[in-house]
Amino acid sequence: MKKHNFSAGPCILPQDVFQKASEAILNFNNLDLSLIEISHRSKDFIAVMEQAQQLALEHLGLEGKGYKILFLQGGASMQFINVPFNLMKNKAGYLNTGTWASKAIKEAKFVGEVVELASSKDSNFNYIPKGYDVPTDLDYIHFTTNNTIFGTQVKEFPEANCPLVCDMSSDIFSRQMDFSKFDIIYAGAQKNMGPAGATLVAVKESVLGKTDRAIPSMLDYRVHAEKDSMFNTPPVFAVYVSMLTLQWLKDLGGVAAIEKKNQAKAELLYNEIDRNPLFKGFAVKEDRSSMNATFNLVDQAHKDSFDALAKEAGLNGINGHRSVGGYRASLYNALPIESVQALVDAMQELERKA
Ligand code: PMP
């Protein structure tokens, strides 16, 4: 039996996707060639790219709304610099909700002035700041919807008179939202979409070309949009597996259907964290993430016993990030509820033994 995989990313993908991806590595589309040895400009691969883009648009409800879907490289981290290069004239507002938001801020400062709208650093990012003022002279505002490390999630966004940009690396395609509120959405593939190596960018074309900056080609969204993500060789395998995963999601009923499953998984785990006297949650309740649940033992004396129980139950990847400690269970789209039940069983077993 496979392990229960709670890894934060790269992470679990659907079994069916692993199967199809492995078949395509050996013989793609009955071409008697591997997916990874054919030209990215062949009609077979262009069809993959187009389907991946179309599925992403559909899942985000952005069809016919002036958005372009790009598959780029360099991870979400590259977008920390692409975004200001393409949108920043003078200054931008950033909500500082954790490590990734802080890194995005650091990169944006290479390009212009950054106004930190609010920060939850004062309590190790265990909540999402609210009720902050939004200046009216910003070129854009940047959020990180889901804070993978700290286990918090932004559920409401302020009104603003400028473009909104969002790093959705760890919760894209997991919950319904009005995605057309955002002018740029980006996400590294390696959580809910596919393997590491591709980064999804959904960009509203009307927000581009407003700075007077000369933008190097690889950083320029307009170049990638014009060339349909084929300006240079795209990460063919990552795009293919992303396409398979997006198709899997569609067959399952799309974002609305997976959101229900994700809510059920999160509820099962958070209920146990709150009920079990040996554990406590890290993030404040109202800001808890449905994708990454962070929790600690109340008494570290139980650590070895719990780690042994987790190992015995085949639970993989539940150690918390070093900046939080304790445990983090990532509940991405492909994780079955049975895996969450196995974790809950281990927590209850610890309580019985303690
Ligand atoms: N943003 C968020 C929210 C993340 O979780 C991560 C990676 N875990 C990143 C950005 C960085 O992504 P990458 O490693 O693809 O650059």
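Residue 1 is the first one shown; counting continues down the chain.
Backbone N, Cα and C define each Cβ position, glycine as well.
Just so you know, TrEMBL annotations are computer predictions that nobody has curated.
Fair warning: this is a prediction, and the values are worked out from it, not measured in the lab.
Annotated pyridoxal 5'-phosphate binding in TrEMBL involves Ala76, Ser77, Trp100, Thr148, Gln190, Asn232, Thr233 plus, out of the candidates Asp133, Asp167, Asp212, Asp251, the residue Asp167. Counting every protein chain shown, the number of other Cβ atoms lying within 10 Å of the Cβ of Asp167 (pyridoxal 5'-phosphate binding site) is 29. Here Lys191 (N6-(pyridoxal phosphate)lysine) is positioned 14 angstrom away from Ser77 (pyridoxal 5'-phosphate binding site), judged by their C-alpha atoms. Taking the Cα atom of each, Lys191 (N6-(pyridoxal phosphate)lysine) and Thr148 (pyridoxal 5'-phosphate binding site) are about 10 angstrom apart.
Looking at Asp167 (pyridoxal 5'-phosphate binding site) and Arg41 (L-glutamate binding site), their Cα atoms lie 29 Å from each other.
Close contacts with ligand 1, defined as a Cβ under 6 Å from any of its atoms, occur at Ser77, Thr148 among the recorded positions Arg41, Ser77, Thr148, Lys191, Asn232, Thr233. A helical conformation is recorded for Trp100 (pyridoxal 5'-phosphate binding site) in the three-state DSSP classification. A straight line from the CA of Arg41 (L-glutamate binding site) to the CA of Ala76 (pyridoxal 5'-phosphate binding site) spans 25 Å.
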